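Written out below as C-alpha cells is the structure these notes cover.
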There are 2 protein chains.
Amino acid sequence: MISRILAADLPAHVGDRVRLAGWLHRRRELKSVSFLVIRDRSALAQIVLRRPVHLAEETVVEVTGTVAANPQAPGGAELVDPVIDVLSEPVQPPPFDLYRPVVSGALPTILDHAPVALRHPRLRAPFEIAAAGVAGFRAALDGLGFVETSTPKIVGSATESGANVFGIDYFGRPAFLAQSPQFFKQTLVGVFERVYEVGPVFRAEPHDTARHLAQYTSLDAELGFIHDHRDVMAVLTRALAGMHAAVAERAVNAVALLGIDVPKVPEEIPAIDFTEAQDLLARHTGEDPRGEPDLAPAHERRLGEWALREHGSEFLFVTGYPMVKRPFYTHPDPARPAYSRSFDLLFRGLELVTGGQRLHRHADYLAALAERGEDPRAYQGYLAAFAHGMPPHGGFAIGLERWTSRVTGAANVRQTTLFPRDLHRLTP
Amino acid sequence: MISRILAADLPAHVGDRVRLAGWLHRRRELKSVSFLVIRDRSALAQIVLRRPVHLAEETVVEVTGTVAANPQAPGGAELVDPVIDVLSEPVQPPPFDLYRPVVSGALPTILDHAPVALRHPRLRAPFEIAAAGVAGFRAALDGLGFVETSTPKIVGSATESGANVFGIDYFGRPAFLAQSPQFFKQTLVGVFERVYEVGPVFRAEPHDTARHLAQYTSLDAELGFIHDHRDVMAVLTRALAGMHAAVAERAVNAVALLGIDVPKVPEEIPAIDFTEAQDLLARHTGEDPRGEPDLAPAHERRLGEWALREHGSEFLFVTGYPMVKRPFYTHPDPARPAYSRSFDLLFRGLELVTGGQRLHRHADYLAALAERGEDPRAYQGYLAAFAHGMPPHGGFAIGLERWTSRVTGAANVRQTTLFPRDLHRLTP
C-alpha cells in the first residue's frame, strides 16, 4: 500500500499517486462532478469525482488518487481519479456545520458538544497555540538551568488561601485538591535552586465568570539566589519571550487561520510602581484610586493603554503592591514595609501573571503566620524547608488558558480550555 | 558585585576572583586550616580558610574568593582567601548527615523529611533523570506531529475501572478524580489525530506496595489512522528511545553520581505473542501457565531474562493478551477474537507500559458495553466522539515514576516521587 501523506504536502506531489486519510469535511455535488473536501491534522484537501458519492460529513476515509495542480483548490493541488475506502461512519450529524468558516452555535452548545465541536479548525487552533506556548515556556526555562518537577495535587490541609478548595475523601480522611504548587515549588528551591511545573490547579470558584475555572493549567516557576523581585521579572520576561517565539515558530497555521497578531515580548518590559500607577490614574482619569490596596480591572485597562501609548508595549509590570493584599509568604520591601517586593504582569490591560520575592527566613515565616493569627502546625512540611536554610527566592505563575485567551482574542477562557470545568459544568 | 558562577565552572576560572552561592554542605576543621564544602545545583566546591568558622551545615552562604588549582579538591580547583556572607541560617540540623555519600535513614524517615532529605545529591539525582526523560518523551512525539494537551482531572462518573477512585465534593455534587486521561485522549484523536499528555493520575490504591501510589505522573499518548497495535508499538519505541537519549544527554551528572547504566533502546524492540510466551514458560520452567489469562510477575521476570539472553534486549513486547483481562475499549484480534490487539512492554522483567489498539466504531462500543452489562448513558461524552466518526487508533501510557525506578534501580517507587501520596502518607 502507498504510505499516507498529509493534505498540506499535496502540492509537493503533483503527478504522483498518493494516499490521504481524514474526515469528510464537506461534500458538494454539481451536475457532472462532485467535490469532496478531506480534513486531516495538517490542512484541507479537495477530491474531484466524476460521479456522485453518498457519504455523510465526518465519515472517516482513506482516498488514493493522483495529484493534479489546480490554482482554485486549497493549497493549489487536488486529488483526481480517486478510490475511496470508508474506515468508519458517523451515526449522527454534527450539531452544527463544521465546514462553515465560523461556528454558528452559542458557547454552551459548543461546550456541550466539545468532542465534535473541537474538530472545527478555528476552535482547534487555540490549542495548537497553547501547546506551542508551553513548549516555549519549557525551552526558555530549560535553557536557564531550571528542573521540571511534578508535585502532589492532593494535600492534607487547605492552607494557602483557605477558601475555595475542593474536599476529597482520602481513604476515609479529609484531604484537598491543591490550589497551586506554591509550597512545593518553594521547598524545591532548596533542592534544585530553579524549578518549574506545568500542571493542573484547582479552585472551587463559586462565581460564574468568563475568566474563572474550577481547573486550569498553571505554568509555575521559582528560583533561588535572587537579589529581589526584579530577578524574577527578568526570568518571567525570558519565559514569555520563549512562549511567544514558539507560537510564531510552531503554530504558524493556527496563527494564520485565526488572523491574530502574536506580539514579540520586548527585551525589557516596562515597569511602574503601584503608587506611581495610582498617581498616574489620578492625573489621567476622573477618579482618585490613591489609598486603595489594589487596582480595579478598569484601572488595569487604563494602565495597559498607557503602556502601549508611552512605551509601545502590550506588556506592563506593576510592582510594589501593598502587603495587605498579598499572601503571607510575600517579601516586604525593606525600605517601605507596607509595600511588597511583588508584581503583576498586565498583558493587553489584563492581569496575566502574579509573582514576587518570598520570605526565606524561618523566623520571618513564624512572625508572618502569627500576625495573621494562623497556627504554624498546619504548615509543618512547608516550614521544614525554611528550618533547614533557604536562599532568597521568588517566582511566578502564568495561567495557560488565560494567556491563550489573551493571545487569541477569545472573550471567554472556556474557549481556550479543552473540556472546561466550572460551577455548572462537569461534562463532557 | 562580581556575578555568581556555579561550582561546576570553578576549574575554568583559576586565578580569578569569583563568587559562589549555595549551602554549607560540610565543614572540616584541622589544626591550622578549615575546609568548607559548598553545594550548589551544579556540584560541590571546596573553600579553604586559615581560621576556624562557626557555621552550621545547611547555612546558605555567598563566598567570594580566588580560584586556585588543587588536584585534590572536587573538580580540581578550590576557593582561597574567601569572604563569606551568610544569607540565611538553619534553625535545626538535618535529621541525617547530608554530606555522607549514602543516606543513613530508613525510607519512611527520608520521606517524612523530604524537604531537606531531597537535597542529598543521590536522592536528588533520580528527579534530574525523570525531568530529562520527560523532555525526551515530548521531543520525540513533537517530532512525530503530536499535539500536547491538558485534560480534566475532575470527572463526573467513575467509569473507566469503577474501583479505586477518589470521590470529590464538586459544588455539592459527587465527582471523581480521573484515573487516567484515557477517554479524553481518545476523543482528541478526533481533533488532533495525535496527542500526548504528561499529567497526574489518581488511584485510591488500597494496597501498600513498593509499586503503587495514590498519585503518579502518566505519560499518555494516542494516535489515529493506525493499521493495528504494531503502529502504536513503533511510536512507543521512538518515545522511549527519546527518553533514554535525553537522559544520556541532559542528566550526565545524575547518571554518573548514581553509577547506573541507561540502556539504549533498540531500533526494534523484540516482541513475543502472549500464547507463545506461555509456551516458552511451560518449556523452560517447572510450571505450566497455559490457560491463565495474564502473566504473573515471576513470569514477566523470566521473559525479561529470556529477552536479554536471546535478543540482547532489556525491553520486550508481549502482544495479544486475552480480551478478558483488558478494558472494554480494547480492539480484539479479528483472526482470534478472544485475544486482543494489545501489548505490555516489559523493561528489565517488569511491566512498564500498557497499550494497544482501541475500538473505533460506535456500534462496537455499544456492543462492548452491553456485553459487560454497563449503561451507555454513563459514557455519553465519550461515546459522542465515536458517534461522529473516529479513525482506527490506539495508544499507551508510561508511569513516569515507575520508569525512573527501573532506570535508577530504585527498589521503591516512592524513591522516585518527590512527595509521594499513598494509603498512609498525605504529607509533607
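The backbone N, Cα and C atoms fix where each Cβ goes, and this holds for glycine too.
Heads up, TrEMBL stuff is auto-annotated, nobody curated it.
Quick look at what TrEMBL lists:
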BINDING   B:GLU160, B:ARG203, B:THR354, B:ARG358  L-aspartate binding site
BINDING   B:ARG203, B:ALA204, B:GLU205, B:ARG211, B:HIS212, B:LEU213, B:GLU351, B:GLY399, B:LEU400, B:GLU401, B:ARG402  ATP binding site
DOMAIN    B:137-428  domain 'Aminoacyl-transfer RNA synthetases class-II family profile'
REGION    B:182-185  region 'Aspartate'
SITE      B:PRO74  site 'Important for tRNA non-discrimination'
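Taking the features listed in TrEMBL, we show where each one sits on the structure.
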| residue | record | DSSP (3 states) |
| --- | --- | --- |
| B:PRO74 | site 'Important for tRNA non-discrimination' | helix |
| B:ARG203 | L-aspartate binding site | coil |
| B:HIS212 | ATP binding site | coil |
| B:GLU351 | ATP binding site | strand |
| B:ARG358 | L-aspartate binding site | strand |
| B:LEU400 | ATP binding site | helix |
Between B:THR354 (L-aspartate binding site) and B:ARG402 (ATP binding site), find the distance joining the two CA atoms and give it rounded to the nearest Å.
13
Taking the Cβ of each of the binding-site residues and counting other Cβ atoms inside 10 Å, which one has the highest number: B:ARG203, B:HIS212, B:ARG358, B:ARG402?
B:ARG358
With helix taken as DSSP H, G or I, strand as E or B and everything else coil, how many residues of the region 'Aspartate' (B:182-185) land in each class?
4 helix, 0 strand, 0 coil
Less than 8 Å, Cβ to Cβ, versus chain A; work out which of the recorded positions B:PRO74, B:GLU205, B:HIS212, B:THR354, B:ARG358, B:LEU400 satisfy that and list them by sequence.
B:LEU400
Nearest of the recorded positions (B:PRO74, B:ARG203, B:ARG358) to B:GLU351 (ATP binding site) - Cα to Cα:
B:ARG203
Hey, what's the Cβ neighbour count for B:GLU351 (ATP binding site) at 10 Å?
17
Neighbours of B:ARG203 (L-aspartate binding site) among the recorded positions B:PRO74, B:HIS212, B:LEU400, B:ARG402 (Cα to Cα, within 10 Å):
B:HIS212
Taking every pair from B:ARG203, B:ALA204, B:GLU205, B:ARG211, B:HIS212, B:LEU213, B:GLU351, B:GLY399, B:LEU400, B:GLU401, B:ARG402 (the record's ATP binders), the biggest C-alpha distance in Å rounds to 20
B:PRO74 (site 'Important for tRNA non-discrimination') sits from B:ARG358 (L-aspartate binding site) (Cα to Cα, rounded, in Å) at a distance of 54
Count of other CB atoms lying within 10 Å of the CB belonging to B:THR354 (L-aspartate binding site):
17
Same-chain residues at least 6 positions away from B:PRO74 (site 'Important for tRNA non-discrimination') with a Cβ under 8 Å from its Cβ, in sequence order, are B:VAL37, B:ALA43, B:LEU44, B:ALA45, B:GLN46
Near B:GLU205 (ATP binding site), how many other Cβ atoms are within 10 Å of its Cβ?
19
Cβ neighbour count within 10 Å of B:LEU400 (ATP binding site):
23
